[in-house]
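Let me begin by presenting the structure, written as C-alpha cells, before commenting on it.
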C-alpha cells in the first residue's frame, strides 16, 4: 500500500536544453529531482550533447526535436509528464505540446522562448530582436551550412558571450565545462517561418508555467515577462540571483520551483 502511494506521487520530469547546449546542463538538477523520489529524463536533441548526428544532417526544426518526440511517443497512454524547457528548448516544448497534449501535466518554460498560438513560430525571435540590443551575442559566430541553394544558419556561442551573458553567476568550473561541451547549433529560422503555427486546441490546452531567472543577461527578465503577459501562464515563479543558466547557478531553487509547480 505504501509503495503504491509512493508510485502514485512519483512524477516523470522530461528536461529539454537550449540551443548549442545538451542534456549535460541538467547534471545538478537531475539528482536533486531523483533524490526527491521522481523519474527524470534529460534529452539530447539532434546534433546536441552526445547525440551522434551532425548539424549538417539536420534540415528542419522537427528533425532537431526528434529525440524529444521519441521520448514523448514512448510515454504510456495513462502517464503524464512534466516538461521543462530552457531557452530555445521552449520551442521544442511547444512541438511536444502540440503533438502530445494528453501526455503532459504541465509544461514549464525557464528563461525560454514560449510560442504564441496566435502568431507564427518565428514571432518570439522577431520580438527578441526588437527588445534586445543588436550586439547582445558579442563574440558568438554565425555562418551558413548545408545546401548552398537553401542554406541553414549555424550558431557557435562565443566564450565572452557565455562568460558575461549566460554563465556570469555560475562557478568557473561550470563555465569551463560549457566551453568544452557546447556544439554548433541552429535556430532553424527559415524552417520555422514556413511551419504551421501551434493551435489553441492542442498546444493551448496544456497547462503552462514560467520560471523567471531575474539576473539573466541573454534573456532579460523584461523579455521573459513579455512572454507571460502576451501568451499567458497558469503559474509564475521567479528565482533571484539566477543567470541564464539557472539550473547551474541556482539548482536547488529550480528544483524547489519545479516541485511546487508540479504539485499544484
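We number each residue from 1, going along the chain as drawn.
Cβ atoms here come from the backbone N, Cα and C positions, even for glycine.
Residues or ranges marked as active site by Swiss-Prot on the basis of experimental evidence: 87, 216, 244. As annotated by Swiss-Prot, 16-epivellosimine binding site applies to 87, with the evidence given as experimental evidence. For 12-122, the entry in Swiss-Prot reads domain 'AB hydrolase-1'.
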Tell me which residues of the chain lie with their Cβ under 8 angstroms from that of residue 244 (active site), as long as they are six or more apart in sequence?
87, 111, 165, 166, 167, 213, 216, 217, 218, 219
DSSP helix, strand and coil counts for the domain 'AB hydrolase-1' (12-122)?
42 helix, 26 strand, 43 coil
Per-residue pLDDT averaged over the domain 'AB hydrolase-1' (12-122) comes to what?
98
